[in-house]
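**Student:** Here's a structure for you.
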Amino acid sequence: MGLQIELGAVTANWKALAARAPGAACAAVVKADAYGLGAAWVAPALYAAGAREFFVALAREGQALRPHLPDDAVINVLSGHMEGADLRGLVPVLNSPAQFFRDRALRPGQPFAIQLDSGMNRLGMEAAEWEAIRAEALAARPRFVMSHLACADEPEHPANAAQLAAFRKMTEGVDVPLSLSATGGILLGPDYHFDLVRPGIGLYGGLPFAEAQPAVRLSLRVIQTRDVAAGEFVGYGAGWTAPRPSRIATVDAGYADGVLRALSGKGALLYAGETGCPIVGRVSMDLITVDVSALPDVPAALELICPAQPIDRLADLAGTIGYEILTSLRARYDRTYL
Ligand SMILES: *Cc1c(COP(=O)(O)O)cnc(C)c1O
């Protein structure tokens, strides 16, 4: 019952992705609380499986994670050195000359890394900025120089080759480790692997790593059941009207728990991994209503996320991506780590 997280699936996915990039070290991206799965559980499991490099988005996330990992685990902070950030025990990935100079002034001799912008126009130093500080930055020995792909989940997208060429050009002659690929880039093949790969979503069972083992199951409890007559409505805005006599179960999670409101009238909860019970009416804050007329008996619980309805299927129904489904799962569930 509640949210079940299979740490064995996460570590198996990490090993499978590491094996796709045999020449590179394989990090683990555990930002946003390990995509909602719980970084304090996920990161130590990955450490035990062999991961030594971790990535978070914010220094605050890094500080929360630091006590859960041994000292030889490196926690890299993708937002770099923001003013006032507490970077003790962490490695900032510096994104601009301003961050570089701030970091060197405040943390001389401490480890850092560099992010370059190879075309995504989101984070990292642009070519001219990098050119201007390159010699000084390399003399300070960054742990690695990285960039990030914008379209790696679309193998045919021309931006992939263009970003690869731009990254190669910017790193010509650089004699520190290089890193370009997250999950999607690993799957693009060896040209994209360099020295360090940084998978996130693939660890947690999401596309584009189609062979990933699912890492979460979400089962919701039935609070109440009622029979409605044809013509009666259900839920806010009278969003659904029963076309025939129906049995409706009210289940204990809603959009405040990450059951996206966009699933109103779209998804289904599954019984015994197969019988679909359609979500009827609007998803409300704490509750959803489902049509269980097809079931002979009303079960104690129904599943929203399970192998028959993986995160990417739900994402399609809600018009989003698996990443948002996972990171929307909030703290109200009872969690079980397996
Ligand atoms: C989030 C992120 C990753 C991980 O990406 P996935 O697509 O989840 O594998 C890697 N690198 C950077 C810079 C990121 O922001």
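Each residue, glycine too, has its Cβ placed from N, Cα and C.
Below are the features I grabbed from TrEMBL:
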type	residues	note
ACT_SITE	Lys31	active site, proton acceptor
ACT_SITE	Tyr236	active site, proton acceptor
BINDING	Arg122, Met285	substrate binding site
DOMAIN	215-338	domain 'Alanine racemase C-terminal'
MOD_RES	Lys31	N6-(pyridoxal phosphate)lysine
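Please go over these features one by one and say how buried each is and what sits next to it.
**Tutor:** According to DSSP, Lys31 (active site, proton acceptor) is assigned to a helical segment.
Summarising the environment of Tyr236 (active site, proton acceptor), the number of other Cβ atoms within 10 Å of its Cβ, over all protein chains shown, is 14.
In three-state terms derived from DSSP, Arg122 (substrate binding site) belongs to neither a helical nor a strand segment and is classed as coil.
When averaged over the domain 'Alanine racemase C-terminal' (215-338), pLDDT in the model lands at 95.
In sequence order, Phe55, Val56, Ala57, Leu58, Glu61, Leu78, Gly200 constitute the residues six or more apart from Lys31 (active site, proton acceptor) in its chain with CB-CB distances below 8 Å.
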**Student:** How would DSSP class Met285 (substrate binding site) in three states?
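**Tutor:** The three-state answer is coil.
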**Student:** How many Å separate the Cα atoms of Arg122 (substrate binding site) and Tyr236 (active site, proton acceptor)?
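**Tutor:** Approximately 40 Å lies between the Cα of Arg122 (substrate binding site) and that of Tyr236 (active site, proton acceptor).
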**Student:** How big is the Cα-to-Cα gap, in Å, between Met285 (substrate binding site) and Tyr236 (active site, proton acceptor)?
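**Tutor:** With the alpha carbons as reference points, the distance is 11 Å.
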